[in-house]
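Participant: Sharing a structure below in structure tokens format, with a few things to ask.
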Amino acid sequence: MDAFKGGMSLERLPEGLRPPPPPPHDMGPAFHLARPADPREPLENSASESSDTELPEKERGGEPKGPEDSGAGGTGCGGADDPAKKKKQRRQRTHFTSQQLQELEATFQRNRYPDMSMREEIAVWTNLTEPRVRVWFKNRRAKWRKRERNQQLDLCKGGYVPQFSGLVQPYEDVYAAGYSYNNWAAKSLAPAPLSTKSFTFFNSMSPLSSQSMFSAPSSISSMTMPSSMGPGAVPGMPNSGLNNINNLTGSSLNSAMSPGACPYGTPASPYSVYRDTCNSSLASLRLKSKQHSSFGYGGLQGPASGLNACQYNS
């Protein structure tokens, strides 16, 4: 009974006051192995309990945060949609009508950098938005600058050839026309005054060469023409030539020094004058050669060998 009472008393004692039961000898290792698992059980239970207790908190927290998350998700979706919309808007081109382009071009010709107020006015006139007008002016200025730059590059690249050709052309004119006419043709007109100073004896035998130079009527009247020359006039030719040269008046000299008769000047009709003078000089020389050969004056043509081709032909 006492033992029963003692057992009853131990059973009635609270669990915290009960002494631990003595471990059996054969169950020692199993007890030690199972012992560390004992404290884990309450941890797992506590973890499970904490998870159980936290789940409703998350559920409770998820309930108020749901709209925010959904709102954030909505904004996120909206944010994802907005860039797509913006990209689509950027890729979308604005097709301007001819009237709008005319108005924009006219305004661009007047002012290439319109301010905000002017752009707004243009937008009202053209039925466009102000950003679209601003973008159009920006693109138009870029196109204008590119065109100006290309024009400057073209001028710089092609500027050397016109300058070179401009420098060459005057020289070609000088050598082709100026040199061949102004010098050679002038020499064909100039042998009379040169020969009167250097070759007086030869000039005395050819008064027609001076006639080609002095075109004054008085000098022509004082000289004999080739048609009037005959065999009877040849013996008196030296004296008549010297008399004609000595009888030249100031008027004939002034006419010889006039700009029209100047050997370095350009006559009004150069080719016709040059052709006439060449024909007359050649005809006179042929006539004189025939006359000199007929009267035995062939030796008088010796001084002509010292002249150049231009003076000899004249």
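From the backbone N, Cα and C atoms, a Cβ is placed for every residue, glycine too.
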Participant: Pick from Ser46, Ser50, Ser294: which one does Swiss-Prot list as phosphoserine?
Facilitator: Ser46
Participant: Quick one: sort out which of 28-41, 98-111, 196-209, 280-293 is the motif 'OAR' according to Swiss-Prot.
Facilitator: 280-293
Participant: Counting by DSSP, what is the helix, strand and coil composition of the motif 'Nuclear localization signal' (286-290)?
Facilitator: 5 helix, 0 strand, 0 coil
